[in-house]
Amino acid sequence: MEEKLNITYVVLDGHVELNKYKYLYFSIVFIVYILIICSNSTIVYLIWKHPNLHEPMYIFIAALLLNSVLLSNIIYPKLLIDFLSEKQIISYQACIVQYFMFYTLGCSEFLLLAAMAYDRYVSICKPLQYPTIMRKKTIIIILVLAWLVPACHLVGFALISANQKLCSFTLKVIFCNNTIYKLFCVASRVISIFGGFILLNVVFIPVFFVIFTYIRILITCYRSSGEARKKAAQTCFPHLLVLFNYLFLITYDVITVRLESDFPKTARLIMTLQLVLYNPLFNPIIYGLKMKEISKHLKRLF
């Protein structure tokens, strides 16, 4: 810990052989960061530019990709700076902010996936009511809630964490996540209960909603023609792939704080990187190249 002007610093000790490979790490992560920003931003731009993509499904995809850009901007710039720094440190206040933003945007991803599932459900199962239900006002409300609900949940969490007494000043990670609780002198029961409440509201309920919705879609399409079943599979599979991948990574992240300190450092680093790598990098491929209308405009652009 370093004390300067009453600022408490936390050491990020999750890097593996950084002195030996720092330029390699920097180059790879910088390329990945540029790819994430460019690929996600390109598809968001295409959806914004072309009127025929101004439909609820594409608007939700744009929101999901924009969410990935915001999440990457919270993590990657600091990570790149750390690669080239002598000390990998962050002020405790900045750590709390990074923690708050990371989980707010992470939870927003589940709510946006739930919104996309609902849109597909109404489109396929209630096509005649679709224009009435999925109005512009409804879409705006859903998008606002997708970002606002996690933020309202986690702001209290962040404030409680900011006022905890610290007895440790080293995190075995490369950015501030829920292992921040290992810094506290005393484990807070309030934080544990509140954390379970947040997980239920903004992770597990959206996940169960998505699964339930796609089961209803598949049942409806199974009773229809073969073409309808094919369309349903093309619609559901990418969403479920993204959902279960992110659910697995978030589950790992949640239980990390319960793991012992002898958990292999390299394995911890790899799993932590996947949290901020897979979805931001592969979402543009899944929702860009696999969606016919977006893919068509993408080919014209290049």
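Backbone N, Cα and C atoms are what each Cβ position is placed from, and that goes for glycine too.
TrEMBL has this to say about the protein:
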TRANSMEM  23-48  transmembrane segment
DOMAIN    39-287  domain 'G-protein coupled receptors family 1 profile'
TRANSMEM  57-76  transmembrane segment
TRANSMEM  96-118  transmembrane segment
TRANSMEM  139-162  transmembrane segment
TRANSMEM  191-215  transmembrane segment
TRANSMEM  236-255  transmembrane segment
TRANSMEM  267-289  transmembrane segment
Within-chain partners of the transmembrane segment (267-289) [C-beta distance under 8 Å, separation at least 6 from its ends]: 14-16, 32, 35-36, 39-40, 42-43, 61, 64-65, 68-69, 71-72, 75-76, 106, 109, 172-175, 177, 238, 241-242, 245-246, 249-250, 252-253, 256, 295, 298
Same-chain residues near the transmembrane segment (236-255), Cβ under 8 Å, at least 6 residues beyond its ends: 106, 109-110, 113, 116-117, 120, 177-178, 199, 203, 207, 210, 214, 217-218, 271-272, 274-275, 278-279, 283, 286-287, 290
Top Cβ-contact partner of the transmembrane segment (191-215) among 57-76, 96-118, 139-162 (pairs under 8 Å): 96-118
Long-range environment of the transmembrane segment (139-162) - Cβ separation under 8 angstroms, sequence gap at least 6: 56, 59-60, 63, 67, 92-93, 96-97, 99-100, 103-108, 111-112, 115, 118, 180-181, 188, 190-191, 194-195, 197-198, 201-202
